[in-house]
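According to Swiss-Prot, the protein has these features:
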- LYS26: active site (ACT_SITE)
- PRO111, VAL112, ALA113, GLY114, GLY115, MET116, ALA117, GLY118, GLY119, SER120, ALA121: ATP binding site (BINDING)
- ASP153: active site (ACT_SITE)
Amino acid sequence: MSRTSDGNTAELWVPTGSATVRVPGKVNLYLAVGDRRDDGYHELTTVFHAVSLVDEVTVRNADLLSLEVVGEGADKLPTDKRNLAWQAAELMAEHVGRAPDVSIFIDKSIPVAGGMAGGSADAAAVLVAMNSLWELNLPRRDLRMLAAQLGSDVPFALHGGTALGTGRGEELATVLSRNTFHWVLAFARSGLSTPAVFTELDRLRDVGSPPRLAEPGPVLAALAAGDPEQLAPLLGNEMQAAAVSLDPALRRALRAGVEAGALAGIVSGSGPTCAFLCRTAESALDVSAQLSGAGVCRTVRIATGPVPGARVVPTPGTPE
């Protein structure tokens with residue numbers, strides 16, 4: 001323990017060791033986008049669904065803040081204050097009145113700029129990891145408040161499961177989701193910028209009438225029933241037309257997934273990852289194999305949902 005010149009030790013005390021958190025990516029089962037507001041944002045109504053494609057984030061005490069990223073898309077990510085995980089560390093430290101002296105190590109599986117909120121997931125994981133590492137015992141409501149300051153998708157990465165999101169997506173209500181749903185995720189060869197997709201949606205709406213969704217009640221009913229065949233025709237994303245406009249290859253990928261046996265396919269969020277809902281785990285394996293050989297995407301992954309939000313990974317010998 002260090003001691004300051006005035007004899008105060010408490011504020012410098014931090015436990016040693018590390019904290020590792022697993023955090024899921026998300027698929028938007030339903031995404032309705034309101035018209036652009038005066039502040040530049042759009043009102044959203046969305047059904048978030050956390051899936052078993054996870055990033056693993058380890059935070060350790062250090063002499064200064066640092067960030068290292070490995071895995072899926074690591075070469076495309078900044079490792080400084082431009083990264084949302086770095087901003088999360090600074091925000092948490094500011095919240096509790098400390099310096100953000102931690103090292104962050106991120107092992108990524110969630111695609112970068114893929115519409116699955118990978119950056120938001122990593123930010124949520126840093127909040128949870130620092131809360132554990134520094135033994136802060138902050139309540140979940142404090143973590144949710146900090147998460148909402150970081151971005152619209154960060155609160156859901158904390159929440160996990162399935163949830164109805166409103167506002168900019170940060171206001172969440174838990175949705176009952178019976179059963180496990182089976183997904184095949186097709187990663188595109190390049191990413192899409194979320195602001196660019198919103199801008200394209202605004203442009204499409206200025207010149208025409210891209211499809212608008214009905215209210216999400218039937219989607220919630222299908223989730224409560226736990227029936228993938230009931231859910232499949234209800235999947236909808238008002239941003240999909242804009243994503244396909246910017247990356248026309250997505251149309252081929254969506255068609256190929258359904259032809260391979262998926263019940264339905266959808267662009268996740270702002271894209272360009274395509275998510276295919278399958279009847280069973282066996283069907284997901286078949287669809288994955290066929291999509292892998294179809295030449296319409298870079299990588300294919302199988303996932304299930306819903307899964308929990310950001311959670312500390314217990315170290316050996318500690319209770320869950």
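Each Cβ is built from the backbone N, Cα and C atoms, and glycine gets one as well.
LYS26 (active site) sits 11 Å from GLY119 (ATP binding site), taking the C-alpha atoms as the reference points.
Long-range neighbours of ALA121 (ATP binding site) (same chain, six or more residues apart, CB within less than 8 Å of its CB): VAL23, PRO24, GLY25, LYS26, ASP55, ILE110, ASP153, ALA157, ALA310. Using a 10 Å Cβ-Cβ cutoff, PRO111 (ATP binding site) registers 25 neighbours.
Considering only the binding-site residues ALA113, ALA117, the Cβ with the fewest other Cβ atoms within 10 Å is that of ALA113.
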